[in-house]
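See below for the structure under consideration.
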Amino acid sequence: MSIRTIKDCDFSGKRALVRCDFNVPLREGNITDDTRIKAALPTIEYLKSQGARVVLMSHLGRPKGEKNLRYSLMPIARRLSELLGQDVKMLSDCIGDEVVTAVSCMQNGDVVLLENVRFYKEEEENSDAFAMQLSKSGDIFVNDAFGTAHRAHASTSGVASYLPAVGGFLMEREDEFLGKILKNPESPFVSIIGGSKVSSKIAVLESLLPKSNVMVIGGGMAYTFLKVEGYSIGKSLLENEYIDVASSFLKKAKELSVEVILPIDHVVASEFQEYSMPEYVDSVNIPDSKIGMDIGEKTLKKIEGVLSSAKTVIWNGPLGVFEFDSFAKGTAKVAEYVANCPGITVVGGGDSVAAVNKFNLSGKITHVSTGGGASLEYLEGKVLPGIKVLEV
């Protein structure tokens, strides 16, 4: 199913109500990472060039349905003004007569930013009345907030009941690349799934399994799979309640002739602490007193080998305790291998995206997804409310 996009509409003189994802990290009122703001620029610039009056809306943080100036979008308005080279007017609310009046005074090419939509509890409740109030500021609804596409909120899907709805360039790109992974991946297709828990990744593992030729499983969840295979995992993370689930998953992989790569050597520690001394274990088995913290050199060699000939790669989740520098090598090396892969490469999920950015490799990846939970749910095959309302 394809989505309607901004290229399908005439925006001249129209009010484009654009849902962006400006949920950026702030420290003492200053933006520490403006990646999400920059990601919205192509859509905003295009709408301006088409003569639209651009009305932007977003959430920021969790103000719990109350007006809390700590979560005001004012810093975003300032940064947008700098990036666009024009004044972006910040409105003091997102609904109401004053907002409608301010929007009605806009000229073609003007850009305004509404205040945080989550200052109203009705936003997350997907209140019909609140969605209707928001819709009064637009003629066409543009959803460019892939990061919140898995939420059925008033500003992400409710507004589409009142206005024609299309996707912005960011939404279109996410749908195109993640959709390609699920619908028609070119073989050999390698899935690399990391993260700490089987429970949080089993749905994406099961969704990608029938499409994959090779599946790499790393991170804390790998130890539950190794336990199923009969190996010693020491004091490593184990989800006993997922032993049967992991066992039937490995059986299914065998039936489908999918090669599953689990760690064959490890970097371990005596305690789960940032400054624990890393030790190398040249074996699949982990000593009883040790905790698996990262994948070892032999495992990395194996992953490098399958990636060198892959035509499609999806990577979601870290391969070790990436937040501790001593145990980040596995994730860092995999980021490098994915970047050097000649095929289509898609990276989604907070830590894997952070790894790619940390080592300045994002320019070598075909597509770096902007959605954490949204990417995961998309790859699980779930219907995302923010995308469903855009479908043709």
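Every residue, even glycine, has its Cβ placed from backbone N, Cα and C.
Swiss-Prot lists Asp21, Phe22, Asn23, Arg36, His59, Leu60, Gly61, Arg62, Arg118, Arg151 with the feature substrate binding site. The annotation ATP binding site is assigned in Swiss-Prot to Lys201, Gly292, Glu323, Gly349, Gly350, Asp351, Ser352 on the grounds of sequence analysis.
Annotated features taken from Swiss-Prot, shown on the structure.
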residue	record	Cβ contacts under 8 Å, 6 or more apart
Asp21	substrate binding site	Arg36, Ala39, Ala40, Ser58, Asp144, Ala145, Phe146, Gly147, Thr148, Thr370
His59	substrate binding site	Phe22, Asn23, Asn116, Val117, Arg118, Glu123, Thr148, Ser155
Gly61	substrate binding site	Asn23, Arg70, Tyr71, Asn116, Arg118
Lys201	ATP binding site	Ile193, Gly195, Met221, Asn316, Gly317
Gly292	ATP binding site	Gly220, Ala222, Tyr223, Ile233, Gly234, Ser236, Leu237, Pro263, His266, Val267, Val268, Ile286
Glu323	ATP binding site	Glu274, Asp351
Gly349	ATP binding site	Gly195, Trp315, Asn316, Gly317, Ser369, Gly372, Ser375, Leu376
Ser352	ATP binding site	Gly194, Trp315, Asn316, Gly317, Pro318, Thr331, Ala335
Under a three-state reduction of DSSP output, how is Asp351 (ATP binding site) classified: helix, strand, or coil?
-> helix
Can you see whether DSSP assigns Asp21 (substrate binding site) to helix, strand or coil?
-> coil
Let me know the most crowded of the binding-site residues, choosing from Asn23, Arg118, Asp351 and counting other Cβ atoms within 10 Å.
-> Arg118
His59 (substrate binding site), DSSP three-state class -> coil
Compare all C-alpha positions of Asp21, Phe22, Asn23, Arg36, His59, Leu60, Gly61, Arg62, Arg118, Arg151, the record's substrate binders, and send over the largest distance in angstrom.
-> 18
